[in-house]
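Colleague: OK, TrEMBL features for this one:
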{"type": "TRANSMEM", "residues": "12-32", "note": "transmembrane segment"}
{"type": "TRANSMEM", "residues": "52-72", "note": "transmembrane segment"}
{"type": "TRANSMEM", "residues": "84-109", "note": "transmembrane segment"}
{"type": "DISULFID", "residues": "Cys149-Cys178", "note": "disulfide bond"}
{"type": "DISULFID", "residues": "Cys150-Cys164", "note": "disulfide bond"}
{"type": "TRANSMEM", "residues": "192-214", "note": "transmembrane segment"}
Amino acid sequence: MDGCTQMCRVFLILFNFLFALVGFGLVALGMWLRFGAETRGFFDIDMKTTQFNIGVMVLVVTGVLMLLVAIIGDCGACNNSKAALGVFSGLLTVLIIIEIAAGVMAFMWSDRVSDELVNFYATIYAQYVNTNSPSQAVTLKLFHNAFDCCGVGGAIEMLVRDTCPKGSFMEKLMYSSCLGAIKEFFDANAPLVLGGFLGTAGIMTLALVCSCVLQRHVSVSHASPPAYVLLTSPPSAARMI
């Protein structure tokens, strides 16, 4: 095995190890969002139950697929298995296409996603003022801490102030509106999100190239050996060969 092939093999092993960690993280995140006590309030809100269920399902399915791809890739790289490397290359190609498509869609739909979150937050805010639901309080706290904001503009309801980020009484009065903070966050970070998706797709493409190089090396190494003469063969057989 030459130096280039050896480097590709090491890179594939490291890539698949990190890929498996990310996949496991996505599965764990999906399970936590669905069954965690802190986030179960998301699913008590009739308006967005379907959307959150779909989001959680996408996280879990994507994580499981990444774990499967990583396991197959590591088996192919460690065992020099042409079949495993071929399956790995095919699945990785599909993931690269999905990654690029997801990045472009996230960039193009950033305004729509921010509008949905703004409407979602405004709905939760209005419901919490009337119901004082603990699950809705958890949802508001997550929004407030994530976007460093509080309220929908103007005076903040006394009941809502307990869910604002930690700070003095005056600081809570001066927090920016979450409606504007959410929009600003998506407007500022949409290009970064697209760059992250494309950068990840680039690393996955490099892993795909390394897989093809290693697959070719395995094919060459398993080719038929040159003809040879058994030591027990008679001299006449050696002359014929």
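Each residue, glycine too, has its Cβ placed from N, Cα and C.
Since we're looking at a predicted model, the values are computed, not measured.
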Colleague: Are there residues of the same chain, six or more positions away from Cys149 (disulfide bond), whose CB falls under 8 angstroms from its CB, and which are they?
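Modeller: Once residues fewer than 6 apart are set aside, Cys149 (disulfide bond) is near Phe143, Tyr175, Ser176, Ser177, Cys178, Gly180, Ala181, Ile182.
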Colleague: Just checking, which of Cys150, Cys164, Cys178 (disulfide-bonded residues) has the fewest C-beta atoms within 10 Å of its C-beta?
Modeller: Cys164
Colleague: Sequence-remote contacts (6 or more beyond its ends) of the transmembrane segment (52-72), Cβ cut-off under 8 Å?
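Modeller: The answer is 16-17, 19-20, 22-31, 33-34, 42-43, 84, 87-88, 91-92, 95.
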